[in-house]
Structures are given as structure tokens and as C-alpha cells.
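*Asks:* Just lifted these from TrEMBL, have a look:
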type	residues	note
BINDING	A:GLU43, A:CYS62, A:HIS449	Mg(2+) binding site
BINDING	A:CYS65, A:CYS446	Fe cation binding site
BINDING	A:CYS65, A:CYS443	Ni(2+) binding site
Amino acid sequence: MSKKEVIDPVTRVEGHGKITIELDDDGDVEDTQFHVTEFRGFEEFVEGRPVWEMPEITARICGICPVSHQLAAAKAVDEIADVEIPEGAYKLRELLHMGQVLQSHALSFFYLSSPDLVLGYDADPEKRNIEGVLEENPQLAERGIDLRSFGQDVIATLGDKKVHPDFAIGGGVTNTLDREDGQQLLEQSEDLDTYVRETIDLLQEIFAEMDDDTLDYATYETGYMGLVDEDGGLEHYDGDIRLVDEDGDLLEEIDDGDYADIIGERSEDWSYLKFPYYKGRDFEDGQYRVGPLGRLNAVDQLRTPQAQEEFERYMDAADGPVHERSTYYHWARLIEILYCIERIRELLDDDDVYDGVPNVPTKPEKNNGVGVIEAPRGTLIHEYDVDDTGKVTNANFIVATTHNNGAMNKGVRTAAEKFVDGPEIPEGTLNKMESVIRCYDPCLSCSTHAIGDMPLEVTVEQDGEVLDEVSR
Amino acid sequence: MTERPRVAFFDFTGCEGDQLQVVNLEERLFDLVEVVEVVSFREAMSEHSDDYEIAFIEGSVVTAHDEERLAGIRENADVVVALGSCAAFGGINAIRNDQDFETVTERVYGDDADMIEANPEARPIESVVEVDATIPGCPIDREEFVQVVTGLIRGVEPTLPNHPVCVECKLEENECAFHRDEICLGPVTRGGCGADCVGEGTHCWGCRGMVDTPSEDAYTAVLEEHGLDAEEIVEQYQLYWGWQRPERATQEEAQ
């Protein structure tokens, strides 16, 4: 009998991840918990404010993907105003979003994960950062910086700021793009597709050298979720929600406004982060994954040519109809980076982003609106109820990291069973635990470990007694 | 200050967007680490180590533990810099200062609400410790960050612009947001941002905080002229200034 520990909010620090491993009487892993520590109450403090402010306010939820929140909120406002946004505005929003997904993925892969992949999980922690990669493989680090800058520059060109840009509003966007700026971005995008494809090749070499334990320490069955376009293709900005099962078979494909019909949420007393699950199944079997791996498992195709080629190569490498390895999030993420570059070019070649109408006027027409997009880390849902004057009376957000909560916990459990044997935490385990979580690129850990490591505390407990504790 | 000062970053309650703005310096980040030594980007070393000279602090203070932690950082650092609006003056987190805290936690966490041990108010760091320099903004302006760091290394006390955003709109030749029938906080908001938001076609949301001596009464009159009632005016003021305004009111009363 081991004791479940309830986390004490006072000891917790914003953004810290904490893992508790419980051992049974024989010293084997009985249970693991990955705790999350955010409390900001955004859903509450937007209450009473005009819904038109939501794109601006909710962007402040996250400094890493403010654009995602801004877009989800803007889509919900469109619904409340009951307007179809102009074609140009639609494409400009997608363009902004592609810049966002690109920069976020580049941050995740090149800045945060490549140190583990290139230098090894057991490398000197002082070196295991982007500076270390810059020494070991300068080309890779510089390309990572170029890719991320490009995504950031797309955002900055449209929104004038890289973090919390001012661009998407209810009814459309603030401005169209200048041709000169578009041309400059097109020029800047030259060679970037090649960089990504060469990085995908490099990743294959890295995977080939990895031992099976490392490659497969977080491999397991779940469902997968993502938005799809009308042809079942990858879609980040606007589409239906598709959920497939562990064999890649279709479970649901629904209008995004109906999300509550299929997604349930459960709270656990040891984490502030809720646990969503598929309502058509019980909690355990209803776990699903979102984000790059989830999306590529859910879709049939990618609509840009180079990304489609890479997608085919990726799916050919799977043992079955889906990829179950959490480590392949990295591969899927690179394919999405390629997709973003190609989509950005297509959109920049479209006259509508220069000559289209930026927005239509809005006023409150309906009392409810839902906005769903594929944020870099997965499906992001904003829902607002408003009164007749457009003031928010109720808000509900399901952010991408939340969907993966169950899967991250499962990953931590799988890794603990593999690496922890007895009361002491072996060397290197901390980083392996962390890298399971890092595959999912969760928001709680994002920006600060760009230089350094993710703050993490691992505790091994037996009968409620702490046997070992490692933290940094 | 030593020749290559040791610098640490800490975050409290916020979105981490200001630290991301530092990462957004990209290639220049490598120039930066030539002149300062980054010893912690929150986690590389123990919080209670006294091995840094400049502490950059992002986010607002919401728990008793935050207060203790902040006091520890103050003790160890020669210079404490508030990074971003949440740290500088409470920022957007302070919207909830005006709401009933129990309702807030209960609505989000239901029966588990009592596990939340946060304070009912989100506060800027200067409410707990002495602050030597401030870089406001949501997010911070990267150039302003570089200027402050450069100043600190050279031993120059950083100063903030103390003119309203309107001045910058004039320089940028922006069309006034009021002329577009939008409500704009530019007349009483601290400039230094280049009036980007107005330039982009929206309006100033007040993210850099109020100027030191805002003409609030005159500005309130302008808002009334534009048909806003008292509640709507307060709503405008509360977006970023939920902490700043009641504080100012108390100070004025004391005088």
C-alpha cells in the first residue's frame, strides 16, 4: 500500500514539473504521477469583459504561442458576430498561424531537443544546450536559428511584434500585407526547405544509432486527434476535428463546435492540469494524443508536395497504420516545419493576402462561440458564452498540453518501469524522464529551458516515505 | 559590478513571454553572453545561491511562497530588474484583483478549490522587494532590454521614457485611434513602444503602464465624450492597471 501524495501548492513554483514514483512492497514501480503547477485563472478573469478583447487578452496566456490563442479567440468572436471573414483575412490568419507553428516547432526541435539528440542524453549538462550544439554541429544550430527567425519574422511582419502580436481580430485581421514585405519573406525562405529535409536525414542517422530502450522508452497505444480539411488532409487553422483509434481507424469526425460531445474532462487531486478523454470510451481507454505525432497519425495526407513526400517516407517506416513512439514526435515536428514553409510560400504567392479585404464589422449576434485551431502542440479550444451586449459570461479553454496530460503520465510510467528498479534513482534517469515529457513539448516547460534544463523534481516513495529525491 | 556580471532570470506568475523576447534576440543572444554570464535561466542553479549580481524577474507575485522566494533573490542580487508588465506593475494578472477570489477558484477547480493557496491579489514585485530598474511592456521591447543591460554594465541608471504613447503616434504619423472610433489608452500610457499597436490598426491597450503623472481626469472626460459610461471606463483602466490604479489612489489620499 503506498500513499498518494497531494501536491502542496505552496512548495510549487510556476512552471515546474514534478514526478512522483511510487514503489510497491517489492520495490517495483507501482504508480507514477506527473504533476503540473499552473494557476492563473484566465477562464475566470476574462469574465465580464467584452468578447472583442479576447484575441488580445488570451494571447497573454502564453508567451510561446500567443498567436494560437489569439486565433482561437478571433474565430470564436467571428461566430458570436455571425460573420464569414473575407477570403484575404482567412488566408492572412493562416499565414500568421504557419509562422507561429514554424517558430514554435523550431524552438522545440533545435533549441530544446537537439542537445539531447545530438550530444546524447548522458552528455555533460553544462554542454547540453543550444550553445553546446553550436560547438558540436554549428551548421545545425545556425539552421535552427534561421528557421525560427523566419517563423518569427512572418509573425512580426504581420503583427509588428514577435510575442503577443496585434493582428487577428474578430471579423478578420487588422491589415493586409505589403507586397514588398511579402517578397522579402519569400526571399528569406529560400533554402529553408532544404535545411529541414537535411535535418530529417540527420535525424534518421540519430535514430539508427539509438538503442531500442532509448527509442522505445515511451511507446504505447492511444488514440490520436487533429483537425482535417475536407479531403482528410493536415489542417492547422480551420477544419473538422478527427479522432482515430490506436489502429488509425476513424472514431469521430465532427464539426469543431461539437467538441464537447466527444471530449470529457476529469480532475485529479494531485495536479492542476485536468485530464481530457474520449467520451465514447472509459477514461483509461479514452486517452488520445495530439500535436505533431497525433496529427500525422490522424490525417490521410499533406497538401504540399515536399511535405507529402516526407510524410509518405515517415508512414512507410511505421510498423502498422500509426506511429506509437513518442520519440517520433521530433520527426513529425520536422515534417510539419517543412509543411509550414511550403504553405507560407503558397500563401505569399496569393494575391488575396495583399489585395484582399482585411476585415468586416462585428457586433454581438449570438450568445455563444467556439474557436478551434491546431496549435503547435495540438488542438486548442476556446468557447465563450456572452450576454446580449457581448460581455463574456462564461469561458472554457482546453489547451493542447492538457490533451496530452494522460499520455505524458503514461509515458513517465513506461519510462519509470524501464529505468527505475528499487529505491534509488539511477544517474541519467532525470533527463530521460524529462525527455519523455519534452517529446510533447508541453507549455509548462517551454521558454526557460532554451538555455539550460527543465526544472524537474523526481521523488521515489514507498508507503508514503520519500526514499530518494532528485531535482534541479 | 564585475567586468562580466553574472545574471539570473527568474519567473513568477506569467506567460514567460518576456524571457522569450530575450531568446528572440537570436544571434545577438550570443553577443549578450559575451558581456554577461547567464548563470540561471530559472533552473541551472539553486535559487538561494548568491552567485549572481543581476536578477531579472518576470511575472507577478501570487503566493506566500513567491514572496519568500523573491525576498531570497533580493538578498542575493545587487540589482533587481522587473522584466515585463506583470513584474513591473501587476499587468494583466491583476484583472482578477477586482473579482471575488473564492468564486474564481471554485469555478475553475470546483470541490478541489481549497487546494489553491494563492493570494487573492496578483501584485508587482515592488510590493515585496525594492526594485532597481523596470522594463515594462507586454511583452518587453527587446531593444529596451539591451539598453538596460548595457546601462547596468556601464553603471548607468536606466531611465524609462515618461511621455505618453500619443507622442509616438504623432512621430509615426499614425491616424488617431479615436478618429477611427476606437477607445485608446495612448494618452495616459507610457511611451517607448513606437506606438506599434495603433500603427497596426488597433489601439493602445496600456500594456506599458501609466506615465508617471497621467492627466487622468482630462482623459476620463475624453472617454465620456466618446459615450463610455463609468463602468466601461473602469473596464478600460483595469485591463493592465488593476494594481496600479488603486495604488495610486491610496498614495494620493495619503498626500
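Glycine is no exception: its Cβ is also placed from the backbone N, Cα and C atoms.
Context for these features, please: burial, neighbours, distances.
*Replies:* In the three-state DSSP assignment, the secondary structure recorded for A:CYS65 (Fe cation binding site) is coil.
All protein chains shown were included, and the count of other CB atoms within 10 Å of the CB of A:CYS65 (Fe cation binding site) stands at 28.
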*Asks:* I'd like the Cβ neighbour count for A:GLU43 (Mg(2+) binding site), meaning other Cβ atoms within 10 Å of its Cβ, all protein chains included.
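*Replies:* So the Cβ neighbour count for A:GLU43 (Mg(2+) binding site) comes to 20.
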*Asks:* For the C-alpha pair, I'd like the distance in angstrom between A:GLU43 (Mg(2+) binding site) and A:CYS65 (Fe cation binding site), rounded off.
*Replies:* 17
*Asks:* For A:CYS62 (Mg(2+) binding site), just count the other CB atoms lying within 10 A of its CB, please.
*Replies:* 29
